[in-house]
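Annotated features, as they stand in Swiss-Prot:
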type	residues	note
BINDING	97-99, 128-131, 138-140, 186, 318, 323-325	substrate binding site
ACT_SITE	187	active site, proton donor/acceptor
ACT_SITE	317	active site
SITE	330	site 'Important for catalytic activity'
């Protein structure tokens, strides 16, 4: 491999000749060989959009000439298009401010912009990473701004569409399952009846509420730290920079961003991203419950509850022939566990904003994006490989319904709670039906029993 010599304020550094990064990126690459977690590509692209917006605004403010602005914008567009993905090698486990990733971006843009302007970045710097690309900025305000951009963008473009897809499927299932009466269960024990549509309407409502909660968390996430520079005072930044960059990003990305009204808050706290992830954790909890219920209701096929039939996607056992497992449900529940773990990490990291700067930024955004990707991908997978194919096992549903002792609840208004309990206990002890038990105890006539104990009349309130 051929190398060139780059330099920074600490001296000279050898850098692979085919790479566009510079000295500070190389130092980080060599100093932090920790784990395999790299800066997510979507974060890199959000950062490039930010640098593009800054170049445009600095040009409008008269601080950056047209030639450099045009070259920087083109370099950013190429990064966003994925042409330089292999030039962003840094680990998440680096400085907690994200400074080295900010400089990685600055160096790649500067060297590519120099090339665009006709220069050879290996010999000269027509565009400087600090003086031009990082003009009026600090890592302390650019990295959290990139975090906000990518978080909002991915929630809107990836998470919500995947959630909407699952919501649409459950809306269809509620309609399909209307009129199918089944036994309810509380405490893992038989309870009073409801319809399968009512049960699934609960799942649907949970998903709708999760969507509302996630969307409701976004307004403060749209507040950008840019313009705060090092500690929130805006030192070396034009007073109009923050507002103009927010407007530029809104136009560029197509979703609303605003300048944070308090830059000291924006640099030292990540409560907004913590709040949004909390809503995502709420979605994970709902998905855990829904997937668990569905796999229990589909358990069997002969010795379980067996009230639902789910798609058979692959063999389930390496030793038991013919076994099929609820694998999509299991994947969703594992994702939910991971998201809950990420929430703990994000919450603790967000609490560590010592003085003017939180220095846990990379791990916060990495875990946030991992949770978002896992939730979106698992919902899509669960939907197409399981949810759309869920069918009721009507024979098993009817069998379980009519063998449940909890239908005795319908007798409460007519013979009282204690007598109804005697009917249920007598039936259970002797292995007879509720009707037989009632007749044996002489509490109501057969005609009245048939009138009172009617599952179709037990699925809603009655005056």
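Any Cβ shown, glycine's included, is placed from N, Cα and C.
Sequence features annotated in Swiss-Prot and their locations in the structure.
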{"residue": "97", "record": "substrate binding site", "Cβ contacts under 8 Å, 6 or more apart": "139, 140, 143, 357, 359, 361"}
{"residue": "99", "record": "substrate binding site", "Cβ contacts under 8 Å, 6 or more apart": "139, 143"}
{"residue": "129", "record": "substrate binding site", "Cβ contacts under 8 Å, 6 or more apart": "22, 103, 106, 107, 109, 110"}
{"residue": "131", "record": "substrate binding site", "Cβ contacts under 8 Å, 6 or more apart": "none"}
{"residue": "186", "record": "substrate binding site", "Cβ contacts under 8 Å, 6 or more apart": "none"}
{"residue": "187", "record": "active site, proton donor/acceptor", "Cβ contacts under 8 Å, 6 or more apart": "none"}
{"residue": "317", "record": "active site", "Cβ contacts under 8 Å, 6 or more apart": "323, 325"}
{"residue": "330", "record": "site 'Important for catalytic activity'", "Cβ contacts under 8 Å, 6 or more apart": "291, 295"}
Highest CB neighbour count within 10 A among the binding-site residues 139, 325?
139
So for residue 323 (substrate binding site), how many other CB atoms are inside 10 Å of its CB?
11
Any idea what DSSP makes of residue 330 (site 'Important for catalytic activity'), helix, strand or coil?
helix
